[in-house]
Amino acid sequence: MSTLVATNKKSFGATLWDYLTTVDHKKIAIMYLIAGGFFFLVGGLEALAIRWQLVQPMNDFVSAGFYNELITMHGTTMIFLAAMPLIFAFMNAVVPLQIGARDVAFPFLNSLGFWLFLFGGIMLNVGWFTGGAADAGWTAYAPLSTTSPGEGVDYYVLGLQISGAGTLMGGINFLVTIVNMRAPGMTYMRMPLFTWTAFVASALILFAFPALTVGLFLMMFDRLFGAGFFEANMGGNAVIWQHLFWIFGHPEVYILALPAFGVFSEIISTFSKKRLFGYTAMVFATVLIGFLGFMVWAHHMFTVGMGPAANSIFAVATMAIAVPTGIKIFNWLFTLWGGSIEINTPMLWALGFIPTFTLGGMTGVMVAAASADYQFHDTYFVVAHFHYVIVGGVVFALLAGLHYWWPKMFGTILDDKLGKITFWFFFIGFHLTFFIQHFLGLMGMPRRYWTYLENQGLDLGNLVSTIGAFLMGVGTIFLLINIVKTTMKNERVGGDPWDARTLEWAIPSPPPFYNFKQLPLVRGLDPLWVEKTEGRKGMTPAEPIGDIHMPNNSFLPFVISVGLFIAGFGFIYQKHDLSWLTLIFIGMGIALGAMLTRSVKDDIGYHIHKEDLQKEAEE
Amino acid sequence: MSEHDVLNPKHMPHNPEKATLEGKNKFIGFWFFLGGESVLFASLFGTYLALNDSTNGGKSSEELFGLELVFIMTMLLLTSSLTSVYAMYHMKNNDFKKMMVWLGITVALGLGFLCFELYEFNHYIHEYEFTMRSSAFGSAFYTLVGFHGGHVVFGLLWFISLMVRNAKRGLNLYNAPKFYIASLYWHFIDVVWVFIFTVVYLMGVL
Ligand code: HEM
Ligand SMILES: [Cu+2]
């Protein structure tokens, strides 16, 4: 059934069909990378528009209403459509390889997760073209969101609901993959740190996203079906939304940050040529941060009026997170200490990350002091704080990981010189943009304001901040040039261009679709390095060459997602005219029909036969 | 394990639901999924508890709920959980016919539950004009209980389509995990109902 013979250049249609139906985690990773990268550019353009509006006092580049849409869509896009999917891109590309697995646990679900994310993301942005995108902030606080006119917030609600479902599937998939599919000898305490962080982040997804799901449902019922959860004059209570949102929202920060820590752990250890210092402590700290992440959501609500007792408890719990995070910072420093350090692009990002993130952590402890937060709340101090964490932590990690794993994903290597130029523009631009915002905030510049008056001491700071933002834009352009150039040149690199330590580097780049011809035998932490120090070139196989089981491609995930996408419009527009209900029936019919097809058609996959594998090896 | 062995096993292992890697994945994955579902329902319960007195001058839980009906519903659903245990027992003994019979009984009990629930909602709406739009309490009540009801509908459809699909094929290592997790799901729905019975109805009339 299987053919391993590489077909020469496929036609465009065939390639497209291949991607629409693929269940290969490595191709899904590429799709996440492209879609997430695209939304990152969109979110970045929105950020530039915001900063351009604030470049000088009393500017009128955009209207006040449009400004609200810009900040809302910027935040929402960056978190849900850029950072999360890009993390998923790396998890898909790397985790199965790092644990020596041939596949993920649920390949079909994996592809469904991607398509749901993509169509949810498109849905969110449709609002731009139908009279206005969401404008109630990425936190969509009620009653601002429940009373926002037009359909913008409806698109937010349904778009996030659809893409959130996809994220949940992805999370479950990785949990099961890591529990069940590790290669022989790959014990939990031998798993690379990126896999560990992916594991904990997936657990956070599992327990955090359902709270968002519920919040969005309630919002949808209020906005579209006349329910009164958040409607004071029906007895409702808007603070419920805040709780639900932040029960999801705070862990979300760690869903992004933990895998970022994982990326840096891999990079720092690889390019210091040392095993990670304090591996056990790192694992422990990861789990602890994940756990504490759930205990602290209400630190976003100090000023809501929860009372001093609740405020104090949440303040102390929040500050406790600084301890495991500090442990991590020191372990990275000790890994660098005495290592034979090689400074290339991924390593530059890692080195830039350590002080930047530490600063973000320090201001985090500051805003966690409830009494002080009454001063900081909703000022630019908070904007500065979370961008130090989210950009300095997560985006730096994504860019580092992009350069680090690019060879594994595509078989070519990004230009180091251009990479360094990208880094310096972005790094300097970043600090110019956000460092000064701490002071703007302390001087009283409120967050989410459209404009400000002259001669209040805010002019220069805002100008500098905008210049910084555009420097980041320049850095991003260099990155794009780098990608195009590298792809055009198409210079192949081998399986292990970094002389690295973990399993993903033990196989060719890009990996064959079955990943490992023979499952590797893992004999310690950094398994590839273990073999190298014993003078072997690759991994010792744990099994003889045999048949490999593979899942079939499927078009159904795409169809299901399209169905839900169509139904989404029905839900939104039935509030104007009930005839739109037909769209709900059509859309749900498509989605449910596809699901039924899936469940009545046996899909047992196929086998690559031993003989084919051997033949391929001889060629 | 080859395709042939999965669909036509030479002999059935003792735990057919966990005999293949796919089965094991489904098994663990579903437990994780139920963890997520628990958060979902916990959030709905929290919302309900915050709003159950917010009747906005309309009907309150004391005036609406009667325990007799809910008691019957509870009995139906609890029994259906038991019958699905029998079904799984027979699955493990590789007795396909008996498994199907007990699943059939489970579905019938579930349908009974659903009819009573529809009757209940209909009653509230037409006798008392108590709807989702009456008050925040109304919204919370219909959302929580209705969400559970939606799960019941989904569970029934799941059972039925599994039974129809596999009626002629008997048990194998490919469909055993599917039956098994469907019954897990059914137990979960049952547990949630016990909470609803306590938090919504018992606490509501007392
Ligand atoms: C890299 C360049 C970036 C720039 C120049 C930038 C700039 C801004 C600006 C000016 C605001 C509006 C502040 C206000 O008036 O309230 C903002 C808000 C926000 N940004 Fe960014 N940002 C960037 C990247 C990111 C990234 C990567 C993320 C997340 C992954 C992010 C998440 C957010 C969030 C959540 C908000 C709050 C939105 C809201 O208030 O609804 N930003 N950003
Ligand atoms: Cu937080």
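A Cβ is built for glycine as well, from the same backbone N, Cα and C atoms used for every other residue.
Since the structure is predicted, the reported quantities are computational estimates derived from the model, not experimental observations.
The domain 'Cytochrome oxidase subunit I profile' annotation in TrEMBL covers A:11-523.
Residues annotated as transmembrane segment in TrEMBL: A:29-50 (among others).
What TrEMBL records for A:70-95 (among others) is transmembrane segment. Through the fold, the transmembrane segment (A:70-95) approaches residues 25-26, 28-30, 32-33, 35-37, 39-40, 42-43, 46-47, 49-50, 53, 62, 104, 110, 113-114, 117, 121, 124-125, 128, 133-140, 152, 156, 160, 163-164, 167, 170, 174, 177-178, 194-195, 198, 201-202, 252, 255-256, 259-260, 263, 390, 394-395, 398, 401, 405, 408-409, 448, 504 of its own chain, all at least 6 residues removed from its boundaries and within a Cβ separation under 8 Å.
Only residues 6 or more beyond the boundaries of the transmembrane segment (A:107-129), in the same chain, are considered here, and those with a CB under 8 A from a CB of the stretch are 21-25, 28, 31-32, 35, 39, 42, 69, 73, 76-77, 80-81, 84-85, 88, 92, 151-152, 154-156, 158-170, 172-173, 551, 554, 556-558, 560-562, 564-565, 568, 598, 603. As annotated by TrEMBL, transmembrane segment applies to A:107-129 (among others).
Through the fold, the transmembrane segment (A:155-181) approaches residues 72, 76, 80-81, 84, 88, 91, 95-96, 99, 101-106, 109-110, 112-127, 130, 133-134, 136, 140, 145, 191, 195, 198-199, 201-206, 209-210, 212-213, 216-217, 219-220, 223, 561, 564-565, 568, 571-572 of its own chain, all at least 6 residues removed from its boundaries and within a Cβ separation under 8 Å. TrEMBL lists A:155-181 (among others) with the feature transmembrane segment.
The annotation transmembrane segment is assigned in TrEMBL to A:193-220 (among others).
The transmembrane segment feature in TrEMBL is assigned to A:240-264 (among others).
Per TrEMBL, transmembrane segment is recorded for A:276-297 (among others).
Residues or ranges marked as transmembrane segment by TrEMBL: A:309-334 (among others). Away from its own ends, the transmembrane segment (A:309-334) comes close to residues 261, 264-265, 268, 276-278, 281-282, 284-286, 288-289, 292-293, 295-299, 302, 350, 354, 357-358, 361, 364-365, 368-370 of its chain (Cβ-Cβ under 8 Å, at least six residues beyond either end).
Residues or ranges marked as transmembrane segment by TrEMBL: A:382-406 (among others).
If you look at the transmembrane segment (A:418-440), the same-chain residues 6 or more away from its ends with a CB under 8 A from one of its CBs are 51, 344-345, 348-349, 352, 356, 363, 379-381, 383-385, 387-388, 391-392, 399, 403, 458, 461-462, 464-476, 478-479, 481-482, 485. Taken from TrEMBL, the feature transmembrane segment applies to A:418-440 (among others).
Under the heading transmembrane segment, TrEMBL lists A:555-573 (among others). The list of residues near the transmembrane segment (A:555-573) in space but at least 6 beyond its ends in sequence, with Cβ under 8 angstroms from a Cβ of it, reads 20-21, 108, 111-112, 114-116, 118-119, 122-123, 151, 154-155, 158-159, 162, 166, 220, 224, 580-595, 597-598.
If you look at the transmembrane segment (A:579-597), the same-chain residues 6 or more away from its ends with a CB under 8 A from one of its CBs are 556, 559-573. If you look up TrEMBL, you'll see A:579-597 (among others) marked as transmembrane segment.
When Cβ-Cβ distances below 8 Å are used as the criterion, the transmembrane segment (A:382-406) is approached by residues 33, 78, 83, 86-87, 90, 93-94, 253, 256-257, 259-261, 263-264, 266-267, 270, 344-346, 349-350, 352-353, 356-357, 359-361, 363-364, 366-367, 376, 412-414, 419, 422-423, 426, 430, 433-435, 437-438, 440-441, 447, 479, 486, 498, 504 of the same chain, each at least six residues removed from its ends. Annotation: stretch A:193-220 has the most Cβ pairs under 8 Å to the transmembrane segment (A:240-264), among A:29-50, A:193-220, A:276-297.
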